[in-house]
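For reference, Swiss-Prot has these:
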- 341: active site, thioimidate intermediate (ACT_SITE)
- 443: active site, proton acceptor (ACT_SITE)
- 283, 334, 335, 336: NAD(+) binding site (BINDING)
- 336, 338, 341, 511, 512, 513: K(+) binding site (BINDING)
- 339, 374, 375, 376, 397, 398, 421, 422, 423, 424, 425, 458: IMP binding site (BINDING)
- 129-185: domain 'CBS 1' (DOMAIN)
- 189-246: domain 'CBS 2' (DOMAIN)
């Protein structure tokens, strides 16, 4: 028997206790016919089935503290995480999410080296001090330097000799008017002596050197002149521009990445750790599985607390308990709620998301393990409901897929802009394209399919309206969450988790949306269904 399994009686007891929190309006779920009163375990509720009850409040929405735990050891200033989907999160989205106060999770539907390279891109995008800066040699060509700068989106490189000693620096200004790209760096670079800083320099002292000498890059060297780091003026500017940014102890942006349980899963995980990833998500459609539990446990033994490990996805209390027992630092909840997911229709399996969150929290809460609500979130109010149900953070797919930072293809239809968006269980995600292999199949335990025309998809491909920059979308989502905290008298997410729901009827849902009027101007945070 899989560890962490609980009996239906235990599950029913919890549901009965949760009825009170949901308004006490539920009929006896056992009265469903047949001889087994526990055959139907519970009534499943999702976001459209409930509303948060307003409460006495002295909370001004703008002052509410929306920070929350992502994992046992990582706290986000904004409880939003972008989904590990190939039309949602690559390096550009991960950088933007971290700067906004959340975090991005890089998808795994690409070769191992490319995913690790995207981790490096995020980690190098800004830092208090780059401790392992990209460098070049004096005998490199300008073409080689240009390729490195383009790959890492940087404007120049320190030049070091074979011993690692600083020999000079080369920047865009040095190369801008050079036509011959076969020239060596030594012919063009600014040679030593350069303005440098000693190891251990403080941020204030480094900023002073940059200002006084009107330079943009400050190499850090040891007592023997060997390069040990690089400080750039852009990092100080970025810190001022993005005060909520989620960073590690070295001032670098936080980033997560998804791994599976298939053939290359362990190699992928170790390469991501070496690249500097902060969070690994063992990302499958059904985490209450021996392969997933063993992978979570093995990762925790190997890397300890150096990298946080999240397990998912689950929809039951027993599954969440199994992940907690395996050592997961957070549990991701959601079997079939996503807009592009067809698992509940194809397999007939799943649990409505509010109930799934409540069940997972019952197992994770006493253990101090945060819950991540993944999927089914259509409006900012759904984020508030997910957190009120006990989740600590939310993972977003469709809400972010239409942003400029999402990697989906931009499409024009009848003069309107859309972006492609697909589930990771869709045929497009699970089938290879040309010489490109799909790495998504094992998420649905379908990597043993004899041929791609034998795949059984659990997702669809579609498009979502183009929403513009991520920052605008995040502003609206955070604004809705803050409004909910004001209405419920919740100064923190932890207090919001104690808010009470009321169950509503289909008529109540209809009343909740705009009605009896024709919309003439679109609101930035409401999209008719």
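Cβ coordinates are placed from backbone N, Cα and C, and glycine is handled just like the others.
Swiss-Prot feature annotations superimposed on the structure.
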{"residue": "283", "record": "NAD(+) binding site", "DSSP (3 states)": "strand"}
{"residue": "335", "record": "NAD(+) binding site", "DSSP (3 states)": "coil"}
{"residue": "375", "record": "IMP binding site", "DSSP (3 states)": "coil"}
{"residue": "397", "record": "IMP binding site", "DSSP (3 states)": "coil"}
{"residue": "423", "record": "IMP binding site", "DSSP (3 states)": "coil"}
{"residue": "511", "record": "K(+) binding site", "DSSP (3 states)": "helix"}
### Candidates 375, 397, 421, 511, 512, 513 (binding-site residues) with Cα within 10 Å of residue 336 (NAD(+) binding site)
375
### Message
Using a 10 Å cut-off between Cα atoms, which of these recorded positions sit near residue 335 (NAD(+) binding site): 341, 375, 425, 511, 512?
### Response
341, 375
### For the domain 'CBS 1' (129-185), mean pLDDT (0 to 100)
90
### Query
Say you check the Cα of residue 421 (IMP binding site) against those of the binding-site residues 283, 338, 511; which is nearest?
338
#### Entry: Densest Cβ neighbourhood among 339, 512 (binding-site residues), 10 Å radius
339
## Note on the structure
A 10 Å Cα radius around residue 334 (NAD(+) binding site) captures, of the binding-site residues 375, 397, 512, 513, exactly 375
### Task
Using all protein chains in view, find how many other C-beta atoms are within 10 Å of the C-beta of residue 511 (K(+) binding site).
10
### Query
Cα distance, residue 511 (K(+) binding site) to residue 397 (IMP binding site), nearest Å?
27
### For the domain 'CBS 2' (189-246), the number of residues DSSP places in helix, strand and coil
20 helix, 16 strand, 22 coil
